[in-house]
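Record features, source Swiss-Prot:
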- 32-52: transmembrane segment (TRANSMEM)
- 33-344: domain 'ABC transmembrane type-1' (DOMAIN)
- 91-111: transmembrane segment (TRANSMEM)
- 192-212: transmembrane segment (TRANSMEM)
- 286-306: transmembrane segment (TRANSMEM)
- 312-332: transmembrane segment (TRANSMEM)
- 378-611: domain 'ABC transporter' (DOMAIN)
- 410, 411, 412, 413, 414, 415, 416, 417: ATP binding site (BINDING)
């Protein structure tokens, strides 16, 4: 079907993704049919306005005529001919034509205007609703994607898929559908008028269609890769803007404005270069199509003048033919230029469908425990992030008792955070298995598994909302009293009292209105409100001053009461009271025991502790 609609410019393979997106349009088929009827009205009135010229010149300036002699023959054709004769006489033959002709013209223009407004409004409405539904499905898909996808895919690419490509695919589709249907109908109607007026001259007009089709095909093939590269460059630009916005402090602190500007300029120049190619092709396409149409028009005028001199045509028919041909020029030009936006539309649809087809996070679990006790075991666990064979965890084995506080220490890259990320399945093991209360976590439904954990990390993320909503994010059904208790437990009563809005004070983008310690304690309050049986702390007190660390540590102590806790620590002074300390290096456990036991061994932990004490002395000094 797409080959017929585009006169062979595009094949079924080009439009596969686009046709898939058209499933979103089906609920609005009644409105589309109504738009088609309105488009038909535009085409019909446009065509008749061209045919209007011949009787205007041939009959409009002549004396009133006698009533026509109607055919007495039976049949549909004779009846239609009689109606035509009667209508022509009513408009052109009576003395009243001095007001019926202008009135008839006004009625035609009003009908065309109403039909044009109706078709434009309905197609725009369908386009907006379709874009909304596709974006809703894309956002729902994004929520199901794995942590690995979010880590590996730049945010600019995701934004481009959800905003730019969706807009390009559906909005272009609406415009192209209108052009294909309306202008094709107009060209068809005007062609019928031309054939009616002078079939010999019409053949010349018809001959230019294949030439215009070949011209469009040439530019389509030339621009396919340029348009694709342009769309990718827009994604890169989105990513540069997002990174600069999110990392504005780093940019300012390291005087990186010039570097940021250079990155942006490089991408911007690429987009400009590609846009110039697209613009050049578009600009060159129009003059060539105009040249073909002008040659056809010149030939028509030459032959029509010859026919007029030899009495084969009337002045009215000649003028009507020229007007119809000139009216045909604009829709033919639109149809000839449609290959570039169609190419953009198909490539954008490919990008949207590729995003929708991204495999979701695997969830093959069938068990749904309500609340676990908190016993955790790692059995022969390997984790490989890269394909070079280097393991983040290597044959890792660990048992954690219910209610036990276990601290993981070691140098950077030793595998501490990987252990934490394995439990909620942000990372999947390459080998081995992990059990909670004797149940393999792969057999537990993801939502039920993650409901068992509360996480407080060094990279706190807060939403651009109120303090109340940020804390309540972990339990949307919680009331103000519960949220207030969680905040008080997290040592944030002073923050509540500092604003007349109290719980409902806005905290800014990612908590920009708060200090580092306050942001950390808001995350702790969120974890307190969730009341999960297992607590994961990933360097939750790093990069805090002594007073903030003291307040955060007090809040953490309250949070860890009667819970199994796994603590990743950088400052070793914060985990001296842990039930057990696991010392890691190169993805393996090399020492474990209490603080006193490990210090007495004078081993790797003692070395780390001495380094930590020196760092603390430097910070204090």
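Glycine is no exception: its Cβ is also placed from the backbone N, Cα and C atoms.
Note that the structure is a prediction, hence the values are computed from the model and not measured.
Where Swiss-Prot records a feature, it is marked here on the structure.
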residue: 410; record: ATP binding site; Cβ contacts under 8 Å, 6 or more apart: 416, 583, 584, 585, 608
residue: 411; record: ATP binding site; Cβ contacts under 8 Å, 6 or more apart: 585, 608
residue: 412; record: ATP binding site; Cβ contacts under 8 Å, 6 or more apart: none
residue: 413; record: ATP binding site; Cβ contacts under 8 Å, 6 or more apart: none
residue: 414; record: ATP binding site; Cβ contacts under 8 Å, 6 or more apart: 584, 585, 586, 587
residue: 415; record: ATP binding site; Cβ contacts under 8 Å, 6 or more apart: 383, 392, 393, 396, 584, 586, 587, 588
residue: 417; record: ATP binding site; Cβ contacts under 8 Å, 6 or more apart: 538, 568
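Under DSSP, residue 410 (ATP binding site) is assigned to coil, being neither helix nor strand in the three-state scheme. Same-chain residues lying 6+ beyond the ends of the transmembrane segment (32-52) with a Cβ under 8 Å from its Cβ atoms: 25, 105, 108-109, 111-112, 114-116, 118-119, 122-123, 126, 178, 181-182, 185-186, 188-190, 192-193, 196-197, 320, 323-324, 327. What surrounds the ATP site, by Cβ distance within 8 Å of the Cβ centroid and not counting 410, 411, 412, 413, 414, 415, 416, 417, is the set 584, 585 from the same chain.
Under the DSSP three-state reduction, residue 415 (ATP binding site) is assigned to coil, being neither helix nor strand. There are 25 other Cβ atoms within 10 Å of the Cβ belonging to residue 416 (ATP binding site). Residues belonging to the domain 'ABC transporter' (378-611) score a mean pLDDT of 87 in the model.
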